[in-house]
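Let me begin by presenting the structure, written as structure tokens, before commenting on it.
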Amino acid sequence: MSNGTSTSDESRDLESASSDGQDDRSRVQTSEPKGGPDENGKPPSSDGDGTQFKVDDPLFSQRKGIFQNKEMVRVGWVPDGDRIVGRDGYISTISSCLNDAVYGGAPNHISITGKTGTGKSLVSRYVTRRAVNASVEDIRIGHTYLDCSKSSTEVQVISTIGQQLNDEDIYDEDEDIVKMPDTGLPKDKFYKRLWQILDHYDSAIIILDEVDLLKSDHVLMSLAKAVESNDTSCQIGIIAISNQINFFDELNPRTKSAFQTQELNFDPYNANQIQEILRGRDDAFRDGVLTDDVIPLAAAFSAQEHGDARKAMRLFRTAGELADREGSDVVGEDHVRSAQDTLEKDRFRDFLQGTPTQMKAACLSISAKSLCSRDDYVITGELYDAYQQITNAIDMDTIGIRRFRDILDEMQLSQVIETKEVNMGKGGGRHNSHRLLHNPETILDIVMEDTRFREISKSSLKRFA
Ligand SMILES: Nc1ncnc2c1ncn2[C@@H]1O[C@H](COP(=O)(O)OP(=O)(O)OP(=O)(O)O)[C@@H](O)[C@H]1O
């Protein structure tokens with residue numbers, strides 16, 4: 001199998017792999033000792049500016065790490081086609097939509113929906129890269145990838161696309177170099193500069209990931225109509241990606257009429273496909289370090305969440321990092337379980353960050369219930385009782401049942417809980433009943449990080465349930 005390339009513009013992935021694909025430990029190992037011996041007779045090294053350091057510095061391990069090429073298990077790494085599993089049909093449809101760009105013609109716009117971790121970004125970036133490489137002589141294809149969760153206003157989108165495409169000196173009609181700042185210009189000037197930059201290309205493929213997070217869809221219309229409006233001669237093809245299945249139906253009608261797309265919906269993976277995806281990256285690890293259980297277990301955890309390859313890749317990488325950190329020579333089942341726990345905590349911490357204290361108290365109440373009761377589902381009234389006891393115990397304001405229901409709705413939307421309606425039988429009526437989708441211990445650990453909840457110990461929770 002051949003290695004793919006990484007793209008520098010990966011923005012959603014916060015993991016810190018080094019850009020050359022080597023982890024930091026292997027770089028320490030390759031430092032060549034220079035200069036005279038130290039007080040123990042060992043040769044000292046220099047970091048190039050004359051600072052001396054010892055090769056056997058106890059801060060750093062001299063052992064070989066778990067990874068051979070950690071970059072390959074970074075979520076944003078774009079592999080070659082032989083490592084892409086089960087996406088041939090989508091690859092073929094997207095490539096036919098982009099085909100005209102290869103000759104400098106107009107690519108078709110594409111809208112892609114699908115659950116998280118179904119390969120939408122990967123396949124879009126992979127096919128775009130193939131199209132750019134396949135362009136016929138003298139045809140220039142510009143390509144950009146933009147994460148709209150980071151660039152969500154119209155100006156941010158325009159300036160980011162302009163900056164990414166402005167990779168060499170482009171001159172305007174007055175022979176001045178076109179510069180694309182982040183801010184400080186009226187909107188029409190941003191657009192003018194973008195059109196000048198785009199004129200430099202025959203066609204451009206613009207990937208807008210998380211497009212539902214755009215503050216306004218006007219920018220989609222402007223880009224889609226740019227040639228028709230004589231703003232630029234560059235033929236633009238937009239690949240717009242969203243997790244929200246209805247996003248494209250809900251566009252403003254004017255945008256929808258300008259932005260006609262080939263629609264694709266990516267299916268989730270099954271556990272076997274996830275295993276295959278991970279096996280396609282096992283050479284990220286050194287030979288023989290992965291025990292047999294690692295890939296099936298990581299795939300099973302990810303398959304529980306609709307077959308999310310993003311989660312699988314994170315588990316795979318984090319398990320390796322944990323093994324590396326504890327100085328283990330192998331990655332085992334325990335590392336995958338700990339990775340699952342770490343990632344779940346991170347995810348829950350992200351969710352709770354910035355939410356009101358009331359949300360934390362509500363989370364605590366359902367965690368207490370699910371720790372102490374054999375019944376998976378708890379009706380709203382019982383949860384509210386537990387919540388009230390908790391807020392009273394720590395002398396916190398208590399919200400009314402209506403607002404509490406809103407909080408439960410929010411928890412359901414964020415997939416912290418699952419809610420169903422239950423019929424309590426004759427005279428009992430119908431009630432909403434809720435089930436925690438996470439490990440209650442994990443949630444307790446995170447909620448307890450907030451000092452206001454510290455006085456409630458884990459052991460005392462039972463009395464609230
Ligand atoms: N078919 C596949 N073959 C190999 N690797 C894959 C495949 N699908 C996804 N991956 C890997 O899984 C991870 C997540 O994929 P990707 O980011 O493309 O998903 P996504 O659908 O765009 O997710 P999100 O909606 O969360 O952005 C990446 O590391 C990607 O390389």
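Including glycine, each Cβ sits where the backbone N, Cα and C put it.
Keep in mind it's a predicted model, so treat the numbers as computed, not measured.
Here the Cβ of Tyr269 (ATP binding site) has 26 other Cβ atoms within 10 Å, regardless of which shown protein chain they belong to. DSSP assigns Tyr269 (ATP binding site) to coil, not to a helix or a strand. For Thr118, Gly119, Lys120, Ser121, Leu122, Tyr269, Arg281, the entry in TrEMBL reads ATP binding site.
What TrEMBL lists as domain 'AAA+ ATPase' is 106-267.
Per TrEMBL, the feature domain 'Cdc6 C-terminal' maps to 363-447. Mean pLDDT for the domain 'Cdc6 C-terminal' (363-447) in this predicted model: 87.
What TrEMBL records for 1-56 is region 'Disordered'.
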Contacting binding-site residues, sequence order - Thr118, Gly119, Ser121, Leu122, Arg281 vs ligand 1, Cβ under 6 Å: Thr118, Gly119, Ser121, Leu122
Residues satisfying Cβ distance under 8 Å from Thr118 (ATP binding site), sequence separation of at least 6: Phe266, Asp267, Pro268, Tyr269, Gly307, Asp308, Ala309
DSSP helix/strand/coil residue counts for the domain 'Cdc6 C-terminal' (363-447): 45 helix, 16 strand, 24 coil
Among the ATP-binding set Thr118, Gly119, Lys120, Ser121, Leu122, Tyr269, Arg281, as the record gives it, the longest Cα-Cα distance in Å: 18
